[in-house]
Amino acid sequence: MKTFNLPLLVALFYLFVSVARSQGPIDITKFGAKPNADATSALLAAWKEACAAAAPAKIVVPAGEFLLNAVKLQGPCKAPLTIEIAGNFKAPADVAQMKGEDTWVKIENVQGLTITCLPTGGTFDGQGQAAWKQNKCAQSGMCNSLPYNFRFNTLTNAQISGIKSLNSKLYHMGVMGCKNITLTGLTIDAPKDSLNTDGMHIGRSNGVHATNSKIGTGDDCISMGDGAVDVHVEGITCGPGHGISIGSMGKFANEAPNTGIFVKNCSFTDTDNGVRIKSWMNSFEASASDLHFEDITVTNVLNPVIIDQEYCPYNHCKEKTPSKVKLSKISFKNVHGAAKSAEVVKLLCSSAVPCDGVELADIDLTFPGGAAVSQCKNVKPIVTGKQNPVACGAPATPAAP
């Protein structure tokens, strides 16, 4: 009499069910996407199917040029999800066609997202040239009236690689409320005179790695707002733009602290700033600590190393009381190269809450036009290694707006 191995049968049954549930790649052309035509509804349909899949799913964007209007790709999804992009997308040039949306491509509330762009694809052209003329930030101080290229909101365990973001109407990328997210191999590009086209803005996120990317914009290559914790920025080539900035801090009440930020092995060419920490005058109380900048190379940079606690762009500060943002445990190590101005180091700290625990180590910065100077105010840094120019050789003067 034959006997049956019940545990084996049960295992085979569940294996069969798992295989039955799995599916091949979900190609957006399955939903009607065609090159040189609008792929918005097709991408949304592909996302809906992939997000509902019980097993890990993959969305495929084949080679070709596609038009894309504003999309929201929202979770939660039932399983991890991958988007593989061989094609390229263009946004509407006319911002009115985006119907008031604050973002071109918004992805949010997803665990286990992977975006991989093949060498031939992954270009997202925001076509921001016309929109930049509508930017009234300098006049009104209202700087969020145009859409980002991307917002990555509340993503957990995400891997994003190879995106090429061009000509965003406002910021290229926002990373908000994320946990354990890596963004690598990015190309971010907009002209140096494009207003407020920050390459990447990180806020209220924990465990962010931004690595091995080339960023050239009309604003900060990377900026970090409040609540940026355990952020690692490494291997970034920045220029043109305004450098890599922590802040501006203190503009709003109840900002979350910034802590554990590491910027390493980055180079800056033809930028307004290199590495910068900034907080508003007449600010609310806030804090930032454990901020470290190391192995920094500058070429023709206006302010290679700067702490600016008298930040007030466009002269919009009605009062000019000292900043209440407390800065502590900060280091600048192995910073070298040639500056565009004589003021190569400017540590302009608040008189209300002077900076604590600032370290300058192995600074070698020159100004081809004459003698370089290191300026300090309301700070007594710890100085080690080579110091060219002499650390804190002059009092700090206000930074250029």
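Each Cβ is built from the backbone N, Cα and C atoms, and glycine gets one as well.
Taken verbatim from Swiss-Prot:
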- 1-22: signal peptide (SIGNAL)
- Asn180: N-linked glycosylation site (CARBOHYD)
- Asp219: active site, proton donor (ACT_SITE)
- Cys221-Cys238: disulfide bond (DISULFID)
- His242: active site (ACT_SITE)
- Asn265: N-linked glycosylation site (CARBOHYD)
- Cys349-Cys355: disulfide bond (DISULFID)
- Cys376-Cys392: disulfide bond (DISULFID)
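Shown on the structure are the features that Swiss-Prot records.
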residue: Asn180; record: N-linked glycosylation site; DSSP class: strand
residue: Asp219; record: active site, proton donor; DSSP class: coil
residue: Cys238; record: disulfide bond; DSSP class: strand
residue: Asn265; record: N-linked glycosylation site; DSSP class: strand
residue: Cys349; record: disulfide bond; DSSP class: coil
residue: Cys355; record: disulfide bond; DSSP class: coil
residue: Cys376; record: disulfide bond; DSSP class: strand
residue: Cys392; record: disulfide bond; DSSP class: coil
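For the recorded positions Asn180, Asp219, His242, Cys376, Cys392, a Cα-Cα cutoff of 10 angstroms around Asn265 (N-linked glycosylation site) retains nothing. Counting only the Cα atoms, the space from His242 (active site) to Cys349 (disulfide bond) is about 20 angstrom. The CA atom of Cys238 (disulfide bond) is located 11 Å away from the CA atom of Asp219 (active site, proton donor). Nearest neighbour of Cys355 (disulfide bond) by Cα distance, taken over the recorded positions Asn180, Asp219, Cys221, Cys376, Cys392: Cys376. Within 10 Å of the Cβ of Cys392 (disulfide bond) there are 20 other Cβ atoms, across all protein chains. For Asp219 (active site, proton donor), the nearest of the recorded positions by C-alpha distance turns out to be Cys349; the candidates were Asn180, Cys349, Cys376, Cys392.
Among the recorded positions Asn180, Cys221, Cys376, Cys392, the ones whose Cα is located within 10 Å of the Cα of Cys349 (disulfide bond) are Cys376.
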